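Quick notes on the structure that follows.
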Amino acid sequence: MNSDFISALTDGLGLLDSLLGSAQYFPFLLLGTGVFFTIYLKFPQLRFFNHAMRIVRGKYDKDDAQGDATHFQALSTAISGTVGTGNIGGVALAIYLGGPAALFWMWMTAFFGMTTKFVEVTLSHKYRMVDEQGHIAGGPMYVMERRLNMKWLAVFFAVATVVSSFGTGNMPQSNNIASGIETSFGIPVWLTGAVLAIVLGMVIVGGIRRIVQVAEKLVPVMAIIYFIGGLGVIFVNLPQVGASLIAVFQDAFTGSAAAGGFLGASFAYAFNRGVNRGLYSNEAGQGSAPIAHAAAKADEPVSEGMVSILEPFLDTIIICTLTGLVILSSGVWTEKIENDFQQFDMQYVAGDYDETRAEDVTALYHHLNFGERVELFSGEIEVVNGRAVTAGYTLLHNRSIAEDVIYTTDERPFSGTLTIKDGKLEQLIDVRGKSLIHS
């Protein structure tokens, strides 16, 4: 693949993201939907919470109820898609980009998302179908087809969900696992990927029944292990926990100021990142969790809807809060680490900016948050043995000033001339250095 194709693909994905997930209207639409249903249904996340706990414990279970999974199995399956990537990586990304304020808006997304999930799961369970083999099939697409009589929309949703499953359902998880194992034990990424594919294939071929049986056993174990580990980190940094919580509430409606390598985030940006990552952590409104819940054994759809109320509470309000306090109390969210840079996350600006100078931080803050233009660098950069020797520019990577940048090609230090045009690197070359978060 040549650089022109990569550039075109990147621009296309960036345009799509700007129209959907990162669009200014998105957090208002998502949060507004939850607020509407919460008020209209008179706060079901509060009124039915205790009843939902009793349902999950099996108090009202009936052996002859139609379905392929118990309430707990359906809950575990739905949570399994978010505990890990959404609750760890998603929270970290929100805080590293939006500061402490982003955690507050993740909480708000979870609270109102509890009602959104209640509605979507109840409807999906109500309009589910039984196939020729007696297996349950359900989800938002069946609501669209059977209730709204909009088969074209059902088909579009189903296709979009399949495509989305690659981007949010397996690629980030597999990549994180493989990268972590390679870093810790030196095992090649491809080998880990192959093992994961085989193991997951053995689970998937068993259908929904085997999937829920595996999720029922794995999810509680991994949640407990992570919870214990997170509490251990918080205990070590206990003196900073209070200040971290104060920062979350203090910055919620003002945005987060610059600190260390973090260049600051406006209210609008923190709000957007918090709501965006909130959806990523609990999937309330995404439409994927109702597919698992539709298979639950229940005569009354609303009872399964009540069970789904627990998901955003457990995976966002509980586990995401734990992750957030670990990151904030330890102070790592302002520290730069070694990262691989993707070119679409890089921007070269003219001038030597220093995050220790207040005027430079202010200029970059307004550039990153309000689009106030700084002069983009255009020209050539001389590189010797992987290190740039040309001055007069600053490389930004994912909203932070990059440090100790190394250019390589074919895993060897690059020497030669790089061309920068309007802040973008023209050549397709590997770049690595220190920044707040990876690409």
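Heads up, the Cβ atoms here are built off N, Cα and C, so glycines get one too.
Predicted, not measured: the structure shown is a model, and the values here were computed from it.
Record features (TrEMBL):
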type: TRANSMEM; residues: 25-43; note: transmembrane segment
type: TRANSMEM; residues: 74-96; note: transmembrane segment
type: TRANSMEM; residues: 102-119; note: transmembrane segment
type: TRANSMEM; residues: 150-167; note: transmembrane segment
type: TRANSMEM; residues: 187-206; note: transmembrane segment
type: TRANSMEM; residues: 218-240; note: transmembrane segment
type: TRANSMEM; residues: 252-271; note: transmembrane segment
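Long-range contacts of the transmembrane segment (150-167) within the same chain: residues 139-142, 144, 286-288, 291, each at least 6 residues beyond the stretch ends and with a Cβ under 8 Å from a Cβ of the stretch.
Between the transmembrane segment (25-43) and the listed ranges 102-119, 218-240, 252-271, the one holding the most Cβ pairs under 8 Å is 102-119.
Long-range contacts of the transmembrane segment (102-119) within the same chain, counting only residues at least 6 positions beyond its ends with a Cβ under 8 Å from a Cβ of the stretch, are 27, 30-31, 33-35, 37-38, 41, 43-45, 48, 91, 94-95, 248-249, 251-252, 256, 265, 270-271, 273-275, 277-279, 281-285, 289-290, 305-306, 308-309, 311-313, 316-317, 320-321, 324, 328.
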